[in-house]
Amino acid sequence: SFVFIEDFSQAMSQAGSSQFQEVIRQELEYSMKVELDKILATAHSNEIEHTKKDLEGFKKLFHRFLQEKGPSVDWGKIQRPPEDSIQPYEKIKARGLPDNIASVLNKLVVVKLNGGLGTSMGCKGPKSLIGVRNENTFLDLTVQQIEHLNKSYNTDVPLVLMNSFNTDDDTKKILQKYSHSRVKIYTFNQSRYPRINKETLLPIAKDVSYSGENTECWYPPGHGDIYASFYNSGLLDNLIAEGKEYIFVSNIDNLGATVDLYILNHLMNPPNGKRCEFVMEVTNKTRADVKGGTLTQYENKLRLVEIAQVPKAHVDEFKSVSKFKIFNTNNLWIALSAIKRLQEKNAIDMEIIVNPKTLDGGLNVIQLETAVGAAIKSFENSLGINVPRSRFLPVKTTSDLLLVMSNLYSLNAGSLTMSEKREFPTVPLVKLGSSFTKVQDYLRRFESIPDMLELDHLTVSGDVTFGKNVSLKGTVIIIANHGDRIDIPAGALLENKIVSGNLRILDH
């Protein structure tokens, strides 16, 4: 996905003299400025202020994109992180909790990344509004978790949602239903940046509007945008003024990302007296996680390295489970005062992710993004904590949805925990075929969610439906060939079975 930036930097290096390269860069920046000024001129008076901020932020990112020589890290400088820089969760937990846990909780703000749409699962609108369990959405579960905390400890932990222009309206409408819950909910919007034409490197938008034909012209620039947009929204300062000290940031679709009191206590009452400004929760890789970003030591700082930054020759080494044992869950704990300090100094350094897209009409564009965890190297005294896998339970596909809807998990005060009846704490590997990709198709194919307590592996492909009260155990593979259909009858028990061909059980 980084082909373009490599072509560009190759062209630059072949262009010979650095003066010539500089001229090309200046021309590109000048052309970009002219186009952005034209776009800004179309803004209504009430939009000018935030549009200007967005376009300024984009200009900075574009400038860096032209300066930098491609995404690669210098592989020779990557070292394993020092022993004490990634602490086992057990050690953090063993310290126990102080008596005044409420006063520690009152310093916390929970932030959920809520910019994503449910399109990959065939849903319109924000992903956070997809029903996950007993009619509860991701957002419902989040509110229930925090409400439970506030009631149990008599505290006031607020919830902050970082929306994008794609999710803001729908989310705000739904927030009214929580007006009586014991959680203060705030929102702010991440920036809106213009997509640029891959060939000309100019914006494809002609004006500021982002509805109708223009929806494809703009994008939210990744969750690394949280620092600038949180700061610009004024909310960061308000929360600091209220005495809040840390945010706990996570993806709204990670159902394992609940507030952990032991980690919070470690931050507020560090054993060596020196507070961490940034904590990243990491967890052990399995074969399914080879692409996850990993923590390394790089130029004497903890640094997150993503697969896209790895030189091609080293990708296999990066994926190796033995060399890089952990990956980033994107559950992060960050000091508010540090965000403010770094933001004011313009000192948050995140690698640029170049994300190529092809629009419906076939036009190739690129969007420049950043990732929230990449800023770890800009903070002082950063730490990784190796947490149990249960804190990483993302729902990206209907295969993930099947797991969290099943009896593998029980729901308590908005939190999912793995059932004690399951003998192994590992999550089964589930692969549902393309007939199940969209949520509505998936729901139609299960009359009820099967019993999966003793399941290790499930693969389903083709036109398959499940009756009520089906039990799946061990390894189950169900493949309906093209044109065939398989109906798994109500009450069926499939244990270590391969079912293929055509199976239709008719009720008489």
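Positions of Cβ are set from backbone N, Cα and C atoms, glycine also.
According to TrEMBL, the UTP binding site annotation covers LYS127, GLN190, GLY222, ASP253, LYS396. If you look up TrEMBL, you'll see HIS223 marked as substrate binding site.
Distribution of TrEMBL features across the structure.
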residue : record                 : Cβ within 10 Å
LYS127  : UTP binding site       : 24
GLN190  : UTP binding site       : 27
GLY222  : UTP binding site       : 23
HIS223  : substrate binding site : 24
ASP253  : UTP binding site       : 22
LYS396  : UTP binding site       : 14
Cα separation, the residue listed as 'substrate binding site' to LYS396 (UTP binding site) (Å, whole number): 16
Rounded Cα-Cα span from HIS223 (substrate binding site) to GLN190 (UTP binding site), Å: 8
Distance [Cα-Cα, Å, rounded] between LYS127 (UTP binding site) and HIS223 (substrate binding site): 15
Max CA-CA distance, Å, over listed UTP-binding residues LYS127, GLN190, GLY222, ASP253, LYS396: 21
Distance [Cα-Cα, Å, rounded] between ASP253 (UTP binding site) and the residue listed as 'substrate binding site': 14
